[in-house]
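Novice: Residues annotated as ITP binding site in Swiss-Prot, with sequence analysis given as evidence: 10-15, LYS56, 74-75, LYS91, 149-152, LYS173, 178-179. Residues annotated as Mg(2+) binding site in Swiss-Prot: GLU43.
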Amino acid sequence: MAPTEITFVTGNANKLKEVQMLLAAEDKKGSITLKNEPLDLDELQDVDLKAIALTKCKQAVKELGVGTPVFVEDTALTFDEFNGLPGAYIKWFLKSMSLEKIVKLLEPYSNKGAEAITTIAYCDENGEYHIFQGITKGKIVDSRGPTNFGWDSIFEPLEGKGMTYAEMEKDFKNTLSHRGKAFVEFKKFLYA
């Protein structure tokens, strides 16, 4: 049975809105209340996305207390040509350089392949940890669409009808995005 309240730890308002949409889509009865805690968690510097999310979730549990169902979500953007980098470091790339400069990193290479990956780490009311992951393959393109949500305007998913995430309607994006896929798995677990 799904818990009645789950705490999502994030300080990212766009991410929070998207997660609210993703959870509400399945929860027709309103049986789960999503609470937000914008805790400032340390981020493990690693290329192992599951380890990063799990470490953040353990920190959140330490701050909020065992017994509170809590989850964190970490997103990565990996370039095939760079053997998985920038990966989880994409957040720092975005803070230090423009989207245009990120695209230029791949300019010398013909392979513009990329993967968008979301990893969810969840701790249930019994203190047990669970990991869920969603991956969407795509490519890096020149920026198209609004630039107000991370790197959405430079990632074009293979099954995205030639559009970047930023050019898509939210409902369509959520059916094929890395975050949408991760939340499908998370919701299956919650409602099992």
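Using the three backbone atoms N, Cα and C, a Cβ is placed for every residue, glycine included.
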Novice: Near the Cβ of GLU43 (Mg(2+) binding site), how many other Cβ atoms are there if near means within 10 Å?
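Specialist: Within a 10 Å radius of the Cβ of GLU43 (Mg(2+) binding site) lie 15 other Cβ atoms.
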Novice: Sort out the sequence-distant neighbours of LYS91 (ITP binding site) for me: same chain, 6+ apart, CB within less than 8 Å of its CB, listed by position.
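Specialist: Spatial neighbours, sequence-distant, of LYS91 (ITP binding site): GLY150.
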Novice: For HIS178 (ITP binding site), just count the other CB atoms lying within 10 A of its CB, please.
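Specialist: Taking all protein chains shown, HIS178 (ITP binding site) has 24 Cβ neighbours within 10 Å.
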Novice: List the same-chain residues at least 6 positions away in sequence whose Cβ sits under 8 Å from the Cβ of LYS56 (ITP binding site), in sequence order, or say none.
Specialist: VAL9, LEU41, ASP42, GLU43, LEU44, VAL72, ASP74, ALA121
Novice: Quick check: in three-state DSSP terms, what is GLU43 (Mg(2+) binding site)?
Specialist: coil
